[in-house]
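First comes the structure, then the notes that go with it.
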């Protein structure tokens, strides 16, 4: 392949983007607004990021909406978040369905109010037949919980005599994570200036590229998402190999 052909090759696009939406409270505080105002403003960023990812050819977008640790926040903030989640589900689900977007909600739902649990089921059922794009919302989710529930399932299979301990390998465990039916994340983005993954998709992010933005989540719109995708496009993913090996494999495919 000559240089002109290399320049015309389409940029690499991640199949699966995962985002830690951080900075809502700080965005609101900076504007002397209550914290819930930041979460409400963040809904516009969610719409913008969904649009940008779908247009770019991303297949799956996973948003970390509410962690299992977020229950420790002030009760009034948690209550406001639950109300916002419920209203957003009811308001946005038809828009998602009309745009060919399948909604999945991952995490332990048992702690949510029955009304919210019902809204989750209804939203998933309405969009279940869509295949253009998958939006996963992680709610009451934690990476440690996800690995634990998969390990518990395998332990029960061993106890019942349906599985031998020596047959448990990474691939088998991965099949019982809540994200088992979508590809592993290629790119993980965190907004808000923090540089940590906060118990998000611990197993699944093993080989993901990490991208950190100083923007608070409500300010992370179309241009910011395009910038993150452009950064991913020029990275060399090695998966334990050397740069020379990756370059040789790329030449062999030309």
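Using the three backbone atoms N, Cα and C, a Cβ is placed for every residue, glycine included.
Any TrEMBL annotation is an automated prediction that lacks curation.
If you look up TrEMBL, you'll see 22 marked as active site. TrEMBL lists 70 with the feature active site, proton acceptor. For 22, 209, the entry in TrEMBL reads Mg(2+) binding site. The annotation substrate binding site is assigned in TrEMBL to 23-27, 39, 67-69, 71, 73, 190, 196-198.
TrEMBL feature annotations superimposed on the structure.
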residue	record	DSSP (3 states)
23	substrate binding site	coil
67	substrate binding site	strand
73	substrate binding site	coil
196	substrate binding site	coil
209	Mg(2+) binding site	strand
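Taking CA atoms as the reference points, residue 196 (substrate binding site) and residue 209 (Mg(2+) binding site) are 13 Å apart. Here the CA atom of the residue listed as 'active site' lies 11 Å from the CA atom of residue 198 (substrate binding site). Counting only the Cα atoms, the space from residue 25 (substrate binding site) to residue 70 (active site, proton acceptor) is about 13 angstrom. The distance from the Cα of residue 22 (active site) to the Cα of residue 209 (Mg(2+) binding site) comes to 18 Å.
Residue 23 (substrate binding site) sits 14 Å from the residue listed as 'active site, proton acceptor', counting Cα to Cα. Around residue 27 (substrate binding site), the C-beta neighbours below 8 angstroms that are at least 6 residues distant in the chain are 38, 41, 42, 216, 217, 218, 219. The CA atom of residue 67 (substrate binding site) is located 21 Å away from the CA atom of residue 209 (Mg(2+) binding site). Proximity of residue 69 (substrate binding site) to non-local residues of its own chain (separation of 6 or more, Cβ distance below 8 Å) is seen for 142, 198, 199, given in sequence order. A separation of roughly 29 Å, to the nearest angstrom, links the Cα atoms of residue 73 (substrate binding site) and residue 209 (Mg(2+) binding site). Neighbour density for residue 23 (substrate binding site): within 10 A of its CB lie 25 other CB atoms from the protein chains shown. Ranked by Cβ neighbours within 10 A across all protein chains shown, the recorded positions 25, 70 are led by 25.
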